[in-house]
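Undergrad: Would you mind keeping the following structure in view while I ask a few things?
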Amino acid sequence: MSSSLFGIGLSGLRASQIALNTTSNNISNVDTEGYNRQITQLSQNTGSSAGGSFSGNGVTVTGVERQYQQYLNNQLNSAQSTQSALSANLSQATQIDNLLADNEAGINTQMQQFFAGLQTVADNPSDTAARQSLLGNAESMTAQFNSTGQYFDNLDKSVESQMGTAVEQINGYASQLAKLNDQISQTTAKTGMPPNGLMDQRDAIVTNLNRLTDVSVVNQEGQFNVSLPGGQPLVIGDKANSLSLISSKDDPDRKTIGFNTPTGQTLELNEQQFSKGTLGGLIGFRNDVLEPASHRLDQLAQTLGSRINALNKQGEVLGSNQAGEALFSTADPVVRTSTDNEGSGSLTAEFALDADGNFNASAIRPSNYQVEADGSGNFTVTRLSDGKTVTPDADGAYDGLSITLSGGAAAGDTFTIKPLEGAASNMQLLASDPADIAARSPGEGSGGNSNALKMAALQDEKVVNGNASFNSAYAQIVSSVGNQVATLSSKSDAQGQVVQELQSAQQSVSGVNLDEEAANLVRYQQLYTANAQVIRTASGLFDTLLGIMS
């Protein structure tokens, strides 16, 4: 009897010791990110037959179980992935918004001063000082276009750098996850018990992956198989694949995401599949905020420069009957050939010119274009900003572009046209002599000013896109970015609330409550003491029995 009592006491002692260890471990990991609270699972031992009845044989520890709910954790990961995308997008977009909204040093102010200078020259066409002041205004305006355009270019490079960092982090987490899959599999096979600490680490890595990009996880025989949003396998068991930042096949100047296959190939991925996580936020910012704003800024610079140039060429310079020349430099279309093209065809693109050698600035759209050959010498043109097919006008121009496909282009070969690249960042004032401003029209006397009046009147004409003045076009850029920032901010705040609610729900299941653990500590300490007393009682009974027998 005493031996049975002794065994029962020992089983209780062992169980309470393990429970104390589990509780202590919970307390020590209260601030450990990714830690899931653990509970010692107890079960009574099978009883023994004695004198026609069964008596208990103590307690056994069946395991130490993580308090973890997969469905809730998946919801939280998805919400955090969305929040990360919104935060990354908002952080970048706010920088543009702050720059464009600076009215004192902004382009809008510089354009107003430039046109005011033109009006002053129109009022005093022979005044060299007024002409010199106008050149100064023009120089300041081009400098502002340059700095804003270069800021956009630098921000684009910064975004690509951050995309590269995110890719490196994804690769690192994928490698760690594959190793943990292997460790968990081996440990479980050896012990027959799930290694809670390793499983917590693996779950934390999945959480970190979701903060970078949305991933799908399938638990297959205790191992996590992880796929990218497009279905590409990132982790399969103990094997990890990787991503890389590569030059786009359509535009080598543009960096995008590539998937490195186990066979050594690198496949360019569709950027549209990355909508969540920091990586998705950066791509979304570049595609939806930065590039549209940059294209519209280039359109503004190109339209202003080309329209002023066209009018200045119609007038005569000061002191002679010589026709004026271009006052500003303008961009020329750039063509990029896809590296996947199978044919030998080439594409040229130019601005379609009128009889006077000027192009229709109002036809220019703030967009790049993709040209796809059909293999028979014909092609289709797609405006990338809205995905619409562009049909040629009566003169054969596509949104003001004259496009020529030559050579043996194969069916499906593509070319990218960038009509406005660098128009703002590279805009320069070409005139240096005040006399270069052609204020008078041919046939007017030395005091003629009709051409200067035409140039000054451009300020209020709807020449950008054929429906907006220069000032209103710039205001539309500012307003568009501002609205995007406001929308992103509102969505980010709302998503932040969703994340907080899910975190609270997750913590109610998996989090460590110090008050509860402190109570458990006292409870298991009392259990340990009580079982120790059982052992002392058994020992006393055994001593009594020995005394009787002796």
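Cβ atoms are placed via backbone N, Cα and C, with glycine included.
TrEMBL: automatically predicted annotations, no manual curation.
Below, the features straight out of TrEMBL:
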type	residues	note
DOMAIN	9-35	domain 'Flagellar basal body rod protein N-terminal'
DOMAIN	94-328	domain 'Flagellar hook-associated protein FlgK helical'
DOMAIN	345-419	domain 'Flagellar hook-associated protein 1 D2-like'
DOMAIN	509-547	domain 'Flagellar basal-body/hook protein C-terminal'
Undergrad: Under 8 Å, at least three CB pairs between the domain 'Flagellar basal body rod protein N-terminal' (9-35) and the domain 'Flagellar hook-associated protein 1 D2-like' (345-419) (pairs 6 or more apart)?
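TA: By the criterion, they do not touch.
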Undergrad: Considering every residue in the domain 'Flagellar hook-associated protein 1 D2-like' (345-419), what is the mean pLDDT value?
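TA: Taking every residue of the domain 'Flagellar hook-associated protein 1 D2-like' (345-419) together, the mean pLDDT is 91.
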Undergrad: When DSSP states are grouped into helix, strand and coil, how many residues of the domain 'Flagellar hook-associated protein 1 D2-like' (345-419) land in each?
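TA: Within the domain 'Flagellar hook-associated protein 1 D2-like' (345-419) the tally stands at 3 helix, 33 strand, 39 coil.
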Undergrad: For the domain 'Flagellar basal body rod protein N-terminal' (9-35), give the DSSP counts of helix residues, strand residues and coil residues.
TA: 20 helix, 0 strand, 7 coil
Undergrad: Just give the helix, strand and coil counts over the domain 'Flagellar basal-body/hook protein C-terminal' (509-547), going by DSSP.
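TA: Counting residues by DSSP class gives 36 helix, 0 strand, 3 coil.
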